[in-house]
Amino acid sequence: MVSVGSKSLPSRRHRTIEEDCLMGERGKSSNNHGERKKGMQRKDHKGSRGFDGDSSKKNQSGGAPNVKPASKKQSEFEHQNQFVRKEIDPETSKYFSEIANLFDSNEVELEERSVICGNALEETRGREYEIATDYIISHVLQTLLEGCELDQLCSFIRNSATVFPAIAMDRSGSHVAESALKSLATHLENPDAYSVIEEALNSICKVILDNPLDMMCNCYGSHVLRRLLCLCKGVSLDSPELYGAKSSKALAKRLNLKMSQLDDNTLEIPHQGFPDMLKYLLSGLLNCSREDRKYLQVDQYSSLVLQTALRLMLKQDEELLEIIPLILRCNSTNKKLEGFHIETNVAKEILESMKDNSFSHLVEVILEVAPESLYNEMFNKVFKNSLFELSVDRCANFVIQALISHARDQEQMGMMWEELAPRFKDLLEQGKSGVVASLIAVSQRLESHEHKCCEALVGAVCSTNESRISIVPRLLFLDYYFGCRDKSTWEWAPGAKMHVMGCLILQGIFKFSSDHIQPYITSLTSMKAEYITETAKDSSGARVIEAFLASNAATKQKRRLIIKLRGHFGELSLHTSGSFTVEKCFDACNLTLREAIATELLDVKVDLSKTKQGPYLLRKLDIDGYASRPDQWKSRQEAKQSTYDDFCSTFGSNKSNFPKNTFVSDTSEDAYQEIEVKNTRKEIDHHPTSGFKRHREEHAKDKDEPFAGEKRTKQKKNKTSEATDKPKLAGSKRPFLSGEMTGKNRHSNKLRI
């Protein structure tokens, strides 16, 4: 017996392992761990880290993953020397079961825990594959790897290096490999540990590169490989941007919804990482035949590995100019003198592959990170004269959105305009409104074709002999309007959910100068009062009203809309999205209307104070001050207005983005825009007709977002007396293999809409 303090554990066993099936033994082991805590259980239901949602399909033997290959070609990449998984003897199972029970009891001191972990890891020597791939014992092994010392961890990794790919490609073993990499990452804060960690990483990288296609094309192995790439780069292993989640920042940039000029593409690198190891690994992964690289483009899992690698190399133009041509199978000439070029036959192959789900995702990332010369070459050789054909494709239209969003100059914008603007109506009819939204956004960003874009959109929604007064209602209900057989008889759809992408298009429109958008302003302000109220109650429609109130439209036109909301401000304030609209209305109206808003909010003060957004809104509008001393409240409002008018007269201009005759908001506009984008993303994720929505098979559950008003309050300046605590963001852990799991969103062979 091995004694640790007052605890005794069985000593190391040396027995002959029989070549039997572990099915019966697993049943016995399961009983030993029936009381296992959640932290040591691996869930297999939908949204969990495991791949198999159906327990009846679990790899009960813990051996090679019983996942059906994606194609016949993938089977060629299976490891040539399949490991024969041996049975774990009962004494070993009991040994690890007692360790699990000991840790669950919480009676082990920290020093004792480290010693136990080291001794238990020593028990795995020579049997790393069998133990790591056992469905039950692998849970215990994860705990040991997370609690051991660095030298013990690196020793385990070096000892298991020869079988590391096999462990990583197993359903249970992949969790063990992941835990080992995560534990290594925790030691990067210690500069003295780099040499030891680098040696351990080098040992497993060499084995992986012997057969890199095995791991790249495996649903479990590809995920472990992506984490290994992140570790070599020195970035967080759980960064959502690296795992394909469509972040709010990416959506904000695509649609110009974030006003900050700061570059949000900068990858946060908390540790120096291992740059030489990363280059070595990437070079080995792409060191395969041209035919194999063709398959890597369209394979679901290898595509994810390549996407992660590209994001990690962001702004490293020299490396990207070497990696991207290899991925696209382009011939590279003298890079220093001529750069690379895309041959005609290769351009045709890329164009044909663009309609593949996995490859289209890969090209999106390429366009996001590509240096300017490479982007220009792809635009001229691959996309030019094919924009509309790709825009109407189920998968390729997302590539076109990325292409448009990253246009470099007005010349490219002009070429995109010539191909797509005459087909706006066709794009909207076929549900590809995301392409239209992207073109409008880049027009605003590059300050090119603004008026033409606005007119083309009017022409797409309203025929030449129709009044333009209906342009906004039709965009609000874009899917209902274009789904109507007789469009001349279409009417407002009361109670229906407003179209998310149609509302995003309108938000982009109201960023243009008022000279370009008069038809839209007239259409919105001419809507019936009940239609305005219904729009304000809709989460997407409310943002359209807010965008209009934040535009440089005339104050008289804004107040014309606000008056139609009188009598409904109290009701709107009780809704999270409506509270923002009430605040915007308050800032945009005169003293009389502000007093009317304050009166309505005072009537619902009790109910409003019980909501998330209520306390902030009540403080922002000083409803208590209005209730106790209305005259002083009016004086303060007049003083604020006077101060703002003086500011506008001194610093404002005709080109100023500040809306006239409105209060200066205490809140950072960037914070508001960021929260708005996050909420918009949630709308898109749940809306069946969104232009950006992708119904894909793997995506983690959406994170809960804090109330936006509370985030605003935290960013107040010079008003510390009104500062409030912002609730901690509730961020759930990303499920294992979130990039490959059956779920709701992207990065798998899923249906896009």
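The chain as shown is numbered from 1 upward.
Using N, Cα and C of the backbone, Cβ positions are placed for all residues, glycine too.
What TrEMBL lists as region 'Disordered' is 1-84 (among others).
Per TrEMBL, the feature compositional bias 'Basic and acidic residues' maps to 23-57 (among others).
The feature compositional bias 'Basic and acidic residues' is assigned by TrEMBL to 73-84 (among others).
The annotation repeat 'Pumilio' is assigned in TrEMBL to 381-418. Looking at the repeat 'Pumilio' (381-418) alone, the prediction's average pLDDT is 96.
Taken from TrEMBL, the feature compositional bias 'Basic and acidic residues' covers 677-688 (among others).
Residues annotated as region 'Disordered' in TrEMBL: 677-753 (among others).
TrEMBL lists 695-712 (among others) with the feature compositional bias 'Basic and acidic residues'.
Residues or ranges marked as compositional bias 'Basic and acidic residues' in TrEMBL: 719-728 (among others).
According to TrEMBL, the compositional bias 'Basic residues' annotation covers 744-753.
Through the fold, the repeat 'Pumilio' (381-418) approaches residues 253-254, 341-342, 344, 347, 350-351, 354-357, 360-361, 363-364, 367-368, 370, 372, 375, 426-427, 430, 432, 434-435, 437-439, 441-443, 446-449, 452-453, 691-692, 694, 751-753 of its own chain, all at least 6 residues removed from its boundaries and within a Cβ separation under 8 Å. DSSP places the residues of the repeat 'Pumilio' (381-418) in helix, strand and coil in these numbers: 27 helix, 0 strand, 11 coil.
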